Amino acid sequence: MDTLWLVLVLALVTGRAQGSFMEQPLARISVHRALIELEDTASISASPDLLGAKGETAEYVTVKFRRAANAENTDWIGVFSPANFNASTCTEPDGVPSKDQFPKLCSAPVKYKYANFSSPNYVRSGEGSLSFRLINMRADYSFGLFKGDVSNPVLLAVSNTVSFTSPRAPSFMRLANGFEWNEITVTWTSDYGQDEAMPLVKWGLLDDKERTLTAAMTVTFSRDDMCGAPATTVGWRSPGYIHTGHLKELWPNKKYFYQVAHKLENGSYVWGRSSVFKSPPFPGQDSLQRVVIFGDMGKAERDGSNEYSMYQPGCLNTTDTLASDIDNYDIIILNGDMAYANGYASQWDQFLEQVEPLSSRVPFMVTSGNHERDWPFSGSFYGSSDSGGECGVPAQTLFNMPAVNRAKYWYQTDWGLFRFCIANTEEDWREGTEQWAFLEECFSSVNRQKQPWLIFIAHRVLGYSSGDFYAAEGSFSEPMGRDLQKLWQKYRVDLAFYGHVHNYERTCPIYENVCLSQEKHHYSGQFNATIHIVAGGGGAGLALFAPFNTSWSFVKDYDFGFTKLTSFNRSSLLLEYKRSSDGLVYDKFWITRHYKDVLGCDRRTTFCPLITLAT
């Protein structure tokens, strides 16, 4: 039996490491092998060639192609942006033209489809048609017809150019909490540098006519900021400019209007879309407060490109389910592994466009996962190459989190009755480190009378998980991860959330592998121990559980989903786990606790204040 289990575990771990959902689809395209052999009998064209005439930021185009001779099922269509992807324009990271790359292509496509995707008679007829959804990414597009499958691409024909009417316009709005409780930051992307136009935010209370103009800062990053390939080679694409405005001294729990813009040198304005958000409650405000937490989302193409169902099959359901109910959420926390761009910069734009219905309406808080940060010898705690050479640069620049040091990307943030202590598991968290000191300060400085709900959030599982690969290690968590147990217990951390394992799991209140309560649905009175929740089913390919039950695991679900915390007042907290497919609740429990219940000792009397009897 033990031998059979070991064989099964090894098979599962190998499958996880090599499974198609872990590989960035664009990495399958061997751009470095590409050849250019234009054929007179091959052609490709796209229409319409001008998009966004009415302000649209995403539109569908029809691509028609023909290969009169030798059409094959492995022929494919690549979408390129900028449109000029000829090898003669290739440059090395330092800007020097590259001679040794010719005739290979400069960059990977933004997306691709096989020629027979919607034209099953392509091989027989030599003709086909595909529909692609394009978003405004600050540059024009063109399409290439290739043979040789993605492993040995040979370019046969290039299409006309397709452009957006206003390619430089602001887009991809994303909100976040600021350093102060009454501050919201508005971040967006454009193609206007600080020297060309002044970025600003127009904003004010939704019901008032008065509007304020607030200047925004501008940052960007270059290929040289990255740590390795493909981020520094075929995956590189200019990120444009990232702008952030700080909206301060907001009234608590009020609806605000905002709109981003750029003021040009001639005095005219280029406006982005307007939206509405609700400002944060003040710390301790006794009101209805709703928080969504999940991890490992990913991105997918709504037009079916990139064989998306094999890579991040649940992310569009998660996005759409949350968007359809956005008025019933106040803040979203995505705890790592966001876009799975893995060094292909165009995927960040695709991801930002995907989540904009969420990020433009509520604070969209994020933290680093292995697919954002990890790269050998780059200072990450783990030496894997999961970031594709990004080593945290795009994520930390595109998302303006209230971290004292954006490169380290751990931070605390408050939302009314909640205190969130958000770790970065890709940096060292062990006792004696800078991050350990930050976490202890975050836990110890909260006033539990005002903010009763103390929440720990991290990407990798530092607590408990029955994921098959953790079980294979015999650790059921990251090695050394549970060093933080004494902090969780000492400071009465109610809940700990993780991603990384692509499923849902909830534990008992647990300390040092021992369940301190067997209650499953309603926890009340004095604090027992922290409840650990894996919510890693945001969209990336699902991860198996170990084929046996652990005593501390109360609920498991092998599906895509997210968690929702609802604080009704200072003493009542509800956790719900919802599946992305239908938005229905598949697990829930309550915590009922008063301030007196977090004073003094926990029930196990593990951490008690010293008491001296005076004489």
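Every residue gets a Cβ built from N, Cα and C, even glycine.
What TrEMBL says about this one:
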| type | residues | note |
| --- | --- | --- |
| SIGNAL | 1-19 | signal peptide |
| DOMAIN | 44-165 | domain 'Purple acid phosphatase Fn3-like' |
| DOMAIN | 177-276 | domain 'Purple acid phosphatase N-terminal' |
| DOMAIN | 290-504 | domain 'Calcineurin-like phosphoesterase' |
| DOMAIN | 529-588 | domain 'Purple acid phosphatase C-terminal' |
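In terms of DSSP helix, strand and coil, the domain 'Purple acid phosphatase Fn3-like' (44-165) has 7 helix, 51 strand, 64 coil. Note on the domain 'Purple acid phosphatase C-terminal' (529-588): DSSP counts are 0 helix, 30 strand, 30 coil.
In the predicted structure, the domain 'Calcineurin-like phosphoesterase' (290-504) carries a mean pLDDT of 96.
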